[in-house]
Amino acid sequence: MNQFVPPEIDWAALSPVLIVLGIAVIGVLVEAFVPARVRRATQVVLAVVGVGGALVAVAWRWVVVQADGPTALVAGALREDAPALLAQAILLVCAFVGLLVIADRSSGEDAFAPSGAAIPGSAYEAEARRAGLVQTEVFPLTMFAIGGMLVFPAAADLLTLFIALEVLSLPLYLLAGLARRRRLLSQEASLKYFLLGAFSSAFFLMGLALLYGYSGSVRFDAVATAVPATSGMDGMLLAGVLLVIVGLLFKVGAVPFHSWVPDVYQGAPTPVTGFMAACTKIAAFAALLRFFYVVAPGLQWDLTVVLWIVAIITMVVGTVLAVVQTDMKRMLAYSSVAHAGFVLLGVIALVPSGISSVLFYLLAYGLATVGAFGLLTLVRERDADGNVTGEALHLSQWAGLGRRHPVLAVSFTLFLISFAGIPLTGGFIGKFAVFGAAIEGGAWPLVVVAVLASAAAAFFYVRVIVLMFFTEPTGTDADPGTTVVRTEGLTAVAVVVCAIGTVVLGVVPGPILDLAANATKFML
Amino acid sequence: MSLVNYLVLSGILFSIGSIAVLTRRNAIVAFMGVELMLNAANLTLVTFGRLHGDLHGQVIAFFVMVVAAAEVVIGLAIIVSIFRTRGSASIDDANLLKS
């Protein structure tokens, strides 16, 4: 009765994922076989080529899909349609710039502990540092995370989504714990991220099990067709859908599942924070979009209430708590929570333009995030001997930075006003598009809250700008206390790309919006 | 015996697991709670597979076991590195990150 039918696999359509995961596996082999001298250079080149190649592959598949229409891959486990490909492209662009920041060595050393297993402050760690050991495993780990993220927007069944969730999360748990400086904080962030992440994926899995019990399948489309056809098991359906959404909202960092966000963003190495803040959010929102737009229309009435409440408290809590932060990374973390709330508006809207506007918003947000965190890696403290140490993250340390380092301060300002959603930046167009979609979907009370929250949020962004340009620096000119280190060049490239992207998205958003307008329908 | 009993059992296991995560202070024990939750989900999957009379539930359970094993590797690595640093695996001791 159960005859085995081998699935037909369209390898060409899978090429973006295969390239990234293939490079990740090669990266692991490089760790084993390539001599230590050239290992880092090999890994950097491999990773950059891998992400770039995957981007080209996605562009090629986009052309194919535009011509031939969307298809189901791997016996229906994945969907190759316009929203999936666009999300993958956005993801790869942000991952590419994020990777450049991760690979950069400012003041001669990268952001990662020379030996992750060494006890912080031990003789062994000091020795590893003196010997100039480099943690090159971060590159394969990042590539595995990107691989999982690429599957996320395309996954059309809950099992694939679950596996992708783990493939993207597990490397990030490790990366969060590998900071070169402030290692106790970093390890603690790693532990918190891991325990809460594992907890939320257990909820996701229980939701998967309940939906399987309800519909007899884990395919989104099968669940969606079972919704009107099955009666008397509404409790199980709702519980299943809610648990799955909880798992995804955790990754997004929406209140009340946000408690990990500030701690992990603060503790993780700053380049990793930028990478995961941008890319995890893009991947998780793309998956949430597909799940919601395919499964939810049948149970809109039950789900809308929950998601409205989540969206409102996410925007309010994120904004209010960001105002009272004194640490740069924590402030940006809470601001990213608030942004999750804004993006949720486009998800809740349940109109075709919701999909494209959410993707546009994520692109604008992702670029600004990678850029801002990339700049954070350059602003450092000096100890009494004049040695450059960890990042200067307290707000007061940024006072007067604009006078000494105008270029850095101006680009940071650009990213902040994009976060705030001020015109002529990508953030403004993104907010405009998402709010427009929400109004179209009849969620205008949410839009009112969102506009008020954005206005309040502008306060703490502007506060940093005022601090940088209009406040007297704390130190003397001879010993400013805060210093800006030279980069190897990669962070500079990443920041320039992000800045240009942010401005282009704000001034001439037309082409990208037109592109996104093709991605308004999920294949069932 | 009715298959519903298995579902009730898995519900009880899932609750015990989540309560363990939320209340126990030792990272290892909290992590065991997570594993219990995953296994409760496995039991649900297998039971539903039997109810529906198809094999998907069991196959998914295998996938979950592999994922759980990978998670154990990562989790123990993180917990051991914290334990070696601080000499304790208590979650309450990990309190440097605060607003």
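For all residues, glycine too, the Cβ spot is worked out from N, Cα and C.
TrEMBL entries are annotated by machine, without manual review.
Under the heading domain 'NADH:quinone oxidoreductase/Mrp antiporter transmembrane', TrEMBL lists A:155-454.
Sequence annotations record features per position, and here TrEMBL assigns transmembrane segment to A:12-32 (among others). Here the transmembrane segment (A:12-32) has Cβ contacts under 8 Å with residues 39, 42-43, 46-47, 49-51, 53-55, 57-58, 60-61, 64, 71, 73-74, 78, 80, 88, 92, 136-137, 139-140, 143-144, 146-147, 150-151, 154 of the same chain, all six or more residues outside its ends.
Feature annotation from TrEMBL assigns transmembrane segment to A:44-64 (among others).
The list of residues near the transmembrane segment (A:138-155) in space but at least 6 beyond its ends in sequence, with Cβ under 8 angstroms from a Cβ of it, reads 16-17, 20-21, 23-25, 27-28, 30-31, 43-44, 46-47, 50-51, 54, 73, 77-80, 83-84, 87-88, 91-92, 95, 99, 102-103, 112, 161, 163-172, 174-175, 178, 272, 275-276, 279-280, 282-284, 286-287, 289-290. According to TrEMBL, the transmembrane segment annotation covers A:138-155 (among others).
Among the features that TrEMBL reports, transmembrane segment is placed at A:161-179 (among others).
The transmembrane segment annotation in TrEMBL covers A:191-215 (among others).
Sequence-distant contacts of the transmembrane segment (A:235-260) (same chain, six or more residues past either end, CB-CB distance under 8 Å): 158, 165, 169, 192-193, 196-197, 200-201, 203-211, 213-214, 227, 280-281, 283-285, 287-288, 291-292, 295-296, 299, 302-303, 306-307, 310-311, 313-314, 317-318, 336-337, 340-341, 343-344. Per TrEMBL, the feature transmembrane segment maps to A:235-260 (among others).
The transmembrane segment annotation in TrEMBL covers A:272-293 (among others).
The transmembrane segment annotation in TrEMBL covers A:305-324 (among others).
Look at TrEMBL and you will find A:331-352 (among others) tagged as transmembrane segment. Using a Cβ-Cβ cut-off under 8 Å and counting only residues 6 or more beyond its ends in the same chain, the transmembrane segment (A:331-352) has close neighbours at 252-255, 258, 261-262, 264-266, 277, 281, 285, 288-289, 292-293, 296-297, 300, 304, 307-308, 310-319, 321-322, 325, 358, 361-362, 365, 369, 372-373, 376, 395, 419, 431, 433-435, 437-438, 440-441, 443, 446-447, 450, 453-454, 457, 460-461, 464, 520-521.
Annotated transmembrane segment per TrEMBL: A:407-430 (among others), in sequence order.
The transmembrane segment annotation in TrEMBL covers A:442-470 (among others).
Non-local neighbours of the transmembrane segment (A:490-513) in the same chain are 93, 97-98, 100-101, 103-104, 106, 356, 360, 363-364, 367-368, 370-371, 374-375, 377-378, 411, 414-415, 418, 423-430, 433; each lies 6+ residues outside the stretch with a CB under 8 Å from one of its CB atoms. Per TrEMBL, the feature transmembrane segment maps to A:490-513 (among others).
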Stretch among A:161-179, A:191-215, A:305-324, A:407-430, A:442-470 sharing the most Cβ pairs under 8 Å with the transmembrane segment (A:272-293): A:161-179
